[in-house]
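What TrEMBL records for 26-46 is DNA-binding region. Marked as domain 'LexA repressor DNA-binding' by TrEMBL: 2-63. According to TrEMBL, the feature domain 'Peptidase S24/S26A/S26B/S26C' maps to 116-231. The region 'Disordered' annotation in TrEMBL covers 71-110.
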Amino acid sequence: MLTRKQHELLTFIHERIRETGVSPSFDEMKEALDLRSKSGIHRLITALEERGFIRRMPHRARALEVVKLPESAAPQSTPAKRGFSPSVIQGSLSEPAPLPDNHHSVPEGGDALTLPLVGRIAAGTPIEALQDDSNHVGVPASLLGSGEHYALEVKGDSMIDAGIFDGDIVVIQRADTASSGEIVVALVDQHEATLKRLRRKGDTIALEAANPAYETRIFPSDRVKVQGKLVGLMRRY
C-alpha cells in the first residue's frame with residue numbers, strides 16, 4: 001500500500017508522461033508535492049521503484065517509466081511495456097496517402113483492442129510514412145483515451161531523450177491540432193512525416209528533436225499539418 005505522498009508522486013509522473021511524453025524533472029516533482037528538498041523526491045522514487053510501480057531508464061536524465069498504478073487508479077493506468085511483440089513493418093512508399101479511415105476507436109468495454117500498424121515514422125530526418133493498415137498490433141485499452149488511434153513504428157534516434165527509441169511502437173491519437181510542447185506526428189509539405197515535439201512561435205511551427213545531435217526545424221505554419229498526438233509507447237524486450 002502506498003503512502004499519500006507516494007501515490008501523489010506516482011500520479012503526477014504518470015500524468016506528465018501522458019501529456020508530454022517525458023517524465024518531470026526533480027524540481028517539478030518537488031514543486032508539485034510541495035516538498036522543501038529534492039532528497040524527499042529521491043526517497044519517494046526509491047520507494048516506488050522498490051514496490052515495482054516505476055523504473056528508472058539507465059544512463060539517461062529525466063527517464064522514469066510508470067510500470068503500473070494502484071488498483072484504485074487502474075482505469076487511467078499505463079501498463080508495463082514488457083511482453084509486447086508487435087510486427088515490424090519494413091519498406092517505404094514513394095508517395096504519401098491519407099491516413100486510413102478505419103483507425104480503431106476505444107471500445108466501451110474490454111481490456112484490449114487491435115490498432116492498425118500503418119507504417120514507419122521518422123524520429124530523425126523525415127521519411128514518408130507507410131500507409132498500409134494490413135498489419136495490426138494489440139494495445140491495452142487502458143493505454144488509450146477517447147477518440148481514434150493508430151500505431152507507428154519509430155525509425156531513428158532523434159527522440160531518445162524523450163524515451164523514444166528506434167524500433168519502438170508509438171500509439172497515436174488522431175488529431176489535427178496540438179498544443180505547443182506536445183509530441184506529434186507532423187506532415188511537412190504534404191510528404192514528409194516525422195515524430196517531433198511541436199512548438200508554436202507566432203506564424204511558425206518549430207519541430208524539436210529530443211537529441212542534441214539534431215537541429216530544430218522551423219517552418220511557416222501552413223507547411224506543417226498535425227496528423228496525431230503521442231499517447232503511448234510499446235517496446236519489445
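Cβ atoms are placed via backbone N, Cα and C, with glycine included.
Those TrEMBL annotations? Automatic predictions, nothing curated.
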For the domain 'Peptidase S24/S26A/S26B/S26C' (116-231), the number of residues DSSP places in helix, strand and coil:
9 helix, 59 strand, 48 coil
So what's the mean pLDDT when you look at the DNA-binding region (26-46)?
88
